[in-house]
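Undergrad: Okay, here's the structure, questions in a sec.
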Amino acid sequence: MPPPPQQQPPHRHAKTDSEVTSSMAASSPPRAAYYVQSPSHDDGENKTAASSFHSSPAASPPRSASRHSSSSSRFSASAKGTASGAGGGRRRGSAWAKEAAIEEEGLLGVDDGSGGDGDGRGGIPRRARYLLGFAGAFLGLFLLFALVLWGASRNQRPVVALRAVTFHRFVVQAGTDASLVPTEMASLNATVSLTFRNVGTFFGVHVSADPVTLHYAQLQLASGNMKYFYQPRRSQRSLAVAVVGDKVPLYGGGAGLSSTPTTLPPPRKRAPPVVVPPPPVPLRLAVRVRSRAFVLGSLVKPKFYSEAQCSVTMDQARLGKPVSLNKACTYTH
């Protein structure tokens with residue numbers, strides 16, 4: 001029996017290039033879109049997003065790729081035009097934002113430098129801050145201590161007391177001054193006794209004084225200087241100051257002054273003459289004493305001033321005898 005005839009497979013037509021290309025595009029998975037950001041022409045911080053969609057050359061024919069490239073170039077050109085239009089506003093905003101960011105970074109840098117060993121930029125090291133704090137505390141305590149010493153020393157004022165004055169000689173006579181003008185001349189010699197007491201418990205004082213003077217009305221008849229001395233704490237001393245005036249011109253101001261007794265005729269016969277002593281002379285004694293204490297070197301050095309004004313009467317019948325000044329003086333500080 002003859003074999004059955006074999007069936008011929010159906011005829012397949014050859015595919016053209018366009019069909020192959022379209023089938024490859026349909027079978028290939030879609031490629032993900034991506035965006036390219038390029039820096040603007042103004043600075044490196046402002047960026048313009050030029051989104052261009054690129055497809056694979058295998059996914060489209062060369063003609064479609066050329067169309068995509070032309071559309072991409074037109075899109076990027078429009079994006080650049082838009083970016084250039086908004087460039088001015090962005091430039092101003094970026095300048096302010098940049099300055100604010102710099103200030104914030106600087107403040108953060110100072111705060112960061114305070115931790116650890118203090119090596120942060122723009123900050124003070126911790127050891128330096130400790131030293132500055134210790135120095136400030138020491139200085140504050142030292143100034144407080146000096147202020148306390150000053151206040152305590154002001155309440156310990158030295159005491160000056162005038163005790164007595166002794167008149168040794170008083171003469172009024174005619175004479176001439178340096179310009180040969182005739183006038184009455186007065187000469188006076190006296191000694192002023194006083195005590196100085198330092199009541200300070202923790203400091204000594206350096207003492208000096210203005211000239212000690214004796215005045216008759218407005219005329220200065222005699223003066224004397226008190227020597228400089230140092231008085232230790234809690235101690236006192238007695239001083240004697242010589243007050244001398246030699247041939248002081250009176251120029252008519254001492255019309256009532258006289259140093260010679262007046263002799264009167266006897267009231268009856270065979271009676272001795274009556275000798276009237278010269279009249280008493282009212283005088284004013286002035287003393288001004290300065291004291292300075294160096295409590296804490298040259299930092300705390302309080303000054304004290306004591307002034308005394310005394311009214312005293314010179315009785316020429318009692319020359320050579322001390323006249324008490326205990327109740328005749330007024331003191332001011």
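Heads up, the Cβ atoms here are built off N, Cα and C, so glycines get one too.
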Undergrad: Given 255-275, 297-317, which one carries TrEMBL's region 'Disordered' label?
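TA: It is 255-275 that TrEMBL annotates as region 'Disordered'.
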Undergrad: Taking DSSP states H, G and I as helix and E and B as strand, how many residues of the region 'Disordered' (255-275) are helix, strand and coil?
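TA: Within the region 'Disordered' (255-275) the tally stands at 0 helix, 5 strand, 16 coil.
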